[in-house]
Amino acid sequence: MSLLGAAEIRELAEALDLKPSKSLGQNFVHDGNVCRKIVRTAGLTPTDIALEIGPGLGSLTLAMLEEAQAVVAVEIDSRLANQLPITAAKHSERADILTVINQDALTLKSLPIDPTVLIANLPYNVSVPVFLHLLEILPSLRSGVVMVQAEVADRLAAKPNSKEYGIPSVKAAWWADVTGAGSVSRSIFWPQPNVDSKLVGFKRRETPGDEELRKKVFAIIDLAFAQRRKMLRSALSSMYGGSAAAEAVLSAAGIDPTLRGEALDIHGFCAIASQQVES
Ligand code: SAM
């Protein structure tokens, strides 16, 4: 199996007359060693069904084909989706284990096969919504590694009481334990992005409650961080019909009403959402 280097990426882009789209976050990796390292970091095994979002020209896909039992790749750009099986057949003897789906990952409802591991260099503009959407709709996803903009990686992996901690951190924590997994040099991309990238690893854990609770928890998280300098009793006042009522709910949940949202972990938000409120 040969992976894609700078020359192959250039050749493919020329053959497709591809002008990388900024709005689709099209920055392609041209370093096979980095791709293999990402796959190793994800701990992909021969029994895993790997999911890739945004395979692009196939840099990571080829490295995934080396290890997985099967690979499903979801790509929004039809030129890239159509080319990928051809590139896989040219570079790999395992092209038959690849399924390519030409679709916007945000509109995915299910997949023809249940993936166990996610490996992706996510399109930067939609990395958080795509990540959260996949965790929500694909319960078979057990773990994975995604590459995202450095600031987004820091936010996803942030813990309470840090300046990076916010909506992505708490919502991701509903589904999984998320940790930083290292930085990536800008020089491995074509075209070179003007932001830094980092890897984030995740392992799914048991969710703290059912779908009904999750929806309430996510609504509370959105309010708590909408004005992050506000104390919880005033940030949540619109939800409970005034700050006195919000204060009563917070106290019943065992949470100091003068705290800000940034002080609570996912379990704190669950404690608030679990309070029965008379309407
Ligand atoms: N995986 C390739 C690599 O590492 O070289 C390309 C990664 S590039 C950062 C992001 C890829 O995601 C592009 O191929 C882009 O067309 C695709 N993409 C952008 N938005 C998408 C979406 N909503 N759903 C699926 N793919 C998307």
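Every residue gets a Cβ built from N, Cα and C, even glycine.
On a predicted model such as this, the values are computed, not experimentally measured, just so you know.
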Quiz item: Which of N121, N125 shares the S-adenosyl-L-methionine site with N27, V29, G54, E75, D104 per TrEMBL?
Solution: N121
Practice problem: Provide the number of Cβ atoms within 10 Å of the Cβ of N27 (S-adenosyl-L-methionine binding site), excluding the reference atom itself. | Solution: 21
Quiz item: Within 10 Å of the Cβ of V29 (S-adenosyl-L-methionine binding site), how many other Cβ atoms are there?
Solution: 24
Quiz item: Between the binding-site residues E75, D104, where is the Cβ count within 10 Å the lowest?
Solution: D104
